[in-house]
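A.B. asks: My questions all concern the structure below.
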């Protein structure tokens, strides 16, 4: 048995290396994989994931972790490594192999059924697959264990430490504040238009501008790369090998710019992990919500701000002299920040976005609790869309079938997007307090002081603390919607000329 | 214990998947890996290789293979799978872990010493590392086992089934035929010049032309890709995911064209494996020499032929109207086929190339046999260069230190290049007999009938037979220099207007 920390560390490193290689194979799948190789890659990934699982549940690792948990001589970081890996391992061990297999099959089947249902715009075609997936996920939640709230056990997979009892009051208050805010903005006398519509923006020039943005935020292209993919994402194999993708759309340059800044936010987080944590469980974010806080902070709080574009609009106008003719800074800011209740979550603005999330969170709770007949899900979706956003999907494809998450069985994932938004505003508020010159720096295009502050207070911490404890440590208080709502009120009140 | 073929097959598939992922991580290392990620990638590769080795030497695999070897109900392909994997496993099992580790350290140290020695052009700086490596490789050869000829045990790692007793007479005869041929060509009254020197060829146009070449030879870009790297190579993860690289040099377009055709030859082999063999040990070439026969056949026998360029020179001239002004087909063929004894193997022409190989093979035998004091290696190298090619390296960097192979401990590898050349000529001769219209097809740019013939007779065979047995089956006789020498005499006699 391994009764030394170095031998336990070697197991941690092996797991991290395997995770890195899974990251490479996944990144490659979305960027450079030849079309005919999809089947081969699925086999390769399945083999890698099987090996990862085998190593993780290896009883000898369990014994080594149990031994290490009792060692008082380990330093704080070593103890945190043991804690984090034990948590991951305990969850993996609790799910029986037969259930792991059934879930994988249900995912594969669910994905196919969802694609077909979406194509035919009929939720009924997806319903049996979703029913099967929900039954399995409930079973999995019970295998993980919980205090009577099954959803907690699923949430734990994305947002360790978060609980329904903590989350529901915050998201409900957020919802109740946002609904009237959306209505007020819709009724505002000042109209905010998107002047970019109908114009064409050369995609090569867009690409070059995204590289300027990466340089400005301090994403290290010697420790990462940017490529193109259909759906932008951040992947990679290691903090020194962080891979972003962006999407280039000739008719919508905002897509590339904000995708790049969003993914760079994720990427800066990964690149910012402490070198001492490389190849250990601490070189990781403590939660999806905290990871998302970094992408949202850069994309929205910084990247859609007036201060940011006061510096970056002139070079942008220079890069697109014809396409941006007559737009100007004000026109561009309006296009980037226009609030408009819409059907599709991924296209939603900052104000309406969280209402899409709350809707999904509420339905997920009902589904996991088995309190909503599946045949009524589309109606429940549409009714909430109308109530929260004032719009009703014309069909299921633009409604309940729009996201891949449920097909994939990812219940518990959606709320982390809202947590990311809330945390991003709280962190930026804390940064403003710590860096009195921050706004002036942004206006001068100096983004590195903010990156450095985030690096020290968030990135380098890695997985030492759970997400909310880290937020508490950095901002002085835990999860709250106060900073986010204040941010929206100030920014959108000014943009629309109304009091929110 | 696994006493069914499907469970053994699952182990084969897992190994092949792991091998594929090692292929991906290696390919990525040479193409897209960020500079700072080199250390992380070395760790990831080491972890993957360790897992591969662990699975390979797993006693349960040994038991399953032993069981399968006794099963009469397996079909011929299944028996071949068992034979091939048993061979690979037996070799891996025979090398003690301590020696594996010592070899890896000697490689790493050897590489560093070689780089430094090459930089300073002093073999003496590399000598201690080479001495250590030779001692370890002799030890490894003895661990593998042999009939008194240690070199055989190393050769077996690259060219299974080949023996020094078989190889030396062929390579010696080849040497003795080539030396006077080179002299005759040097003295030929007709001069063959390289008119391309001093011209500049747009690298983007070169790239586009390499894509045309790939399409023409039938390399499937939906089951593979081409990228750029410093040293061209063929990698990938699976027969449907074959990855070539090429090199673009503004001053030397032949580098890109012939690199692409060469690697496409390797790539067509990989893409041509039988679907029934995917993810099994049979989806592999039986030897490096046979793999090289495919690249050499396409690069040299086809790609440097008059027939080939009768079709492809017109579009080439159209792609480079200024750079090729005044060159013409004859001038281009001369540039592509000029024979000129030179110092560097990788830049050598078809006639002199094998002399570089024979020189290395002879020295490797002396080194493994411990019959040449290491301090005398540079002198032995230079003396042979003068005797075989009539040139003497001005320093060790352009002589004995030019190749990475010995630093990496790859003794036994060089002769496979010569085998590739010999096999390529024999295979092409056989193709000419089978396809009476072949030459006319080449002149029309119709390369698919040749690819199809190779696919049926070589590629789809995979690793069913050892290399020479396959050559025997396809050409009617085994290893010989007859076809290669006849090919050189005919082609270069005509080009230089001499009788060879």
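Even glycines carry a Cβ here, placed using N, Cα and C.
Because the structure is a prediction, the values reported are computed rather than measured.
Annotations per TrEMBL:
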type	residues	note
BINDING	B:262, B:266, B:292	Zn(2+) binding site
ACT_SITE	B:263	active site, proton donor/acceptor
A.B. asks: Hey, what's the Cβ neighbour count for residue B:266 (Zn(2+) binding site) at 10 Å?
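C.D. replies: The answer is 25 other Cβ atoms.
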A.B. asks: Across all chains shown, how many C-beta atoms besides its own are within 10 angstroms of the C-beta of the residue listed as 'active site, proton donor/acceptor'?
C.D. replies: 26
A.B. asks: Cα-Cα separation of residue B:263 (active site, proton donor/acceptor) and residue B:292 (Zn(2+) binding site), in Å?
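C.D. replies: Taking the Cα atoms only, residue B:263 (active site, proton donor/acceptor) lies 9 Å from residue B:292 (Zn(2+) binding site).
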A.B. asks: Let me check the 10 A CB neighbour count of residue B:292 (Zn(2+) binding site). How many other CB atoms are there?
C.D. replies: 26
A.B. asks: Given the Zn(2+) site residues B:262, B:266, B:292, which other residues of that chain have a Cβ within 8 Å of the mean position of their Cβ atoms, reported in sequence order?
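C.D. replies: Once B:262, B:266, B:292 are set aside, the remaining close residues are B:234, B:263, B:265, B:291, B:294, B:295, B:296, B:298, B:299, B:420.
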A.B. asks: Non-local Cβ contacts of residue B:262 (Zn(2+) binding site) (under 8 Å, 6 or more apart, same chain)?
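C.D. replies: Looking at Cβ-Cβ distances below 8 Å from residue B:262 (Zn(2+) binding site), excluding near sequence neighbours, one finds B:232, B:295, B:296, B:298, B:299, B:303.
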